[in-house]
Amino acid sequence: MEKLKMQNNDTNTTETIDEVGSNRFKSKSAISNFKKRIITSVILLVFLVLYISLGVIYTLLHNLNYIEVSAYICIAITIIILIISQYEINNATKFNKWYLQIIIIIFSILIFLYPVNFNLYKNFSFYSFLNLGSWLSSWQLPVIIIFFFLFVIIYTFFYDRSNLKGALINLTTSLVITFGLKAFILISLSTIEFNGKVIGRYSFNTIVWIWLMIILSDSFAYLGGMRWGKTKLAPKISPKKTWEGAVIGFSVSFAFGLIYSLLFYFCNTDNKPLFELMTFVGNKSKALEITLYCLFSMAFPIIGLYGDLLFSWIKRTFNIKDFSNLLPGHGGLLDRLDSILFSLFVMFILILVGSNAN
């Protein structure tokens with residue numbers, strides 16, 4: 001069928017009616033999607049502030065009656081986040097049968113609840129109040145992880161050998177998600193007595209510090225890439241990311257992270273990021289403590305970017321655009337939490353090493 005044409009007398013350009021309609025549709029679609037993203041972003045921001053505030057309230061107002069409620073709400077929300085995240089990664093890696101979902105999610109919750117090292121939980125109210133230490137032992141956690149690995153591998157070997165890669169990705173990503181969320185809870189809710197008062201063992205500011213570095217790195221990498229980006233960073237994994245954008249995002253994030261940590265180091269010591277670990281280091285060398293803050297401020301923007309690329313690679317591997325459509329305009333929960341979960345996973349390793357050093 002012959003296409004009708006429209007002539008623009010001012011510019012002497014010719015467009016088909018189909019093209020005009022298509023462009024108008026794309027414009028409306030883009031505007032609608034942008035509005036969805038903004039609305040969802042505002043809701044997520046409010047949720048994030050409230051979520052982090054639970055740990056802030058618990059550590060700063062620890063002596064109030066019924067303050068434990070804030071800790072239990074924080075743990076309950078974290079378990080819900082774990083369930084949704086695990087559900088999304090199960091779907092992505094083709095472990096989406098209902099019974100597989102249930103079994104793998106149960107394994108993840110058990111790994112989340114069981115302590116890795118009881119030294120980390122000595123003042124952790126969730127374990128002391130419920131007397132979980134009497135039946136949860138550190139040695140049991142590796143056993144649960146081994147059973148988890150065996151279940152996934154044996155199931156894949158007997159029922160879906162073609163998905164061995166999916167099984168390995170599911171196992172490793174599940175541990176990243178679970179231990180990342182364990183780190184969030186430990187940092188938010190662990191307390192110690194210091195100078196006659198109860199304060200956060202690692203300080204809630206550690207979460208704020210890392211999360212803001214991740215957000216700034218991601219945001220300015222996007223803006224910098226849009227304006228100056230030319231050289232693709234990882235074209236096969238994330239085509240829109242550029243080296244120029246990554247450098248801009250890193251620079252802004254690093255500057256913020258260093259200034260933020262040093263402000264609390266000099267002005268509000270009790271709430272400085274990574275309080276216990278950095279105080280231990282600072283007692284030996286103040287210069288080393290400041291150097292570590294500088295190194296961490298450099299490291300976490302890079303770690304966050306790697307986490308983003310890792311989860312993007314998973315999506316590319318299984319030919320999916322998003323992990324789900326839970327968040328309008330943003331995709332799934334993992335599409336928003338990929339960088340921070342990987343960063344918190346690295347932080348958990350750091351906390352574990354630090355607790356053994358102490």
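Backbone N, Cα and C define each Cβ position, glycine as well.
All annotation found in TrEMBL is predicted automatically rather than curated by experts.
For reference, TrEMBL has these:
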- 38-60: transmembrane segment (TRANSMEM)
- 66-86: transmembrane segment (TRANSMEM)
- 98-116: transmembrane segment (TRANSMEM)
- 136-158: transmembrane segment (TRANSMEM)
- 167-187: transmembrane segment (TRANSMEM)
- 207-225: transmembrane segment (TRANSMEM)
- 246-266: transmembrane segment (TRANSMEM)
- 290-311: transmembrane segment (TRANSMEM)
- 340-357: transmembrane segment (TRANSMEM)
Report, as numbers and ranges, every residue of the chain located at least six residues beyond the transmembrane segment (136-158) whose Cβ falls under 8 Å of a Cβ in that stretch; write 'none' if there are none.
95, 100, 103-104, 107, 110-111, 113-118, 127, 164, 166-167, 170-171, 174-175
Assess whether the transmembrane segment (38-60) lies in contact with the transmembrane segment (98-116), where contact requires at least three Cβ pairs under 8 Å among residues 6 or more apart in sequence.
no
Among 66-86, 98-116, 167-187, 207-225, 246-266, point out the range having the most Cβ pairs under 8 angstroms from the transmembrane segment (290-311).
246-266
Selection from 66-86, 98-116, 167-187, 246-266, the stretch that has most Cβ pairs under 8 A to the transmembrane segment (207-225):
246-266
State the residues, same chain only, that lie 6 or more residues beyond the ends of the transmembrane segment (66-86) and have a CB under 8 A from a CB inside it; answer 'none' if no residue qualifies.
51, 54-55, 57-58, 104-105, 108-109, 112, 125-126, 129, 174, 177-178, 181, 184-185, 188-189, 326, 333-334, 337, 341
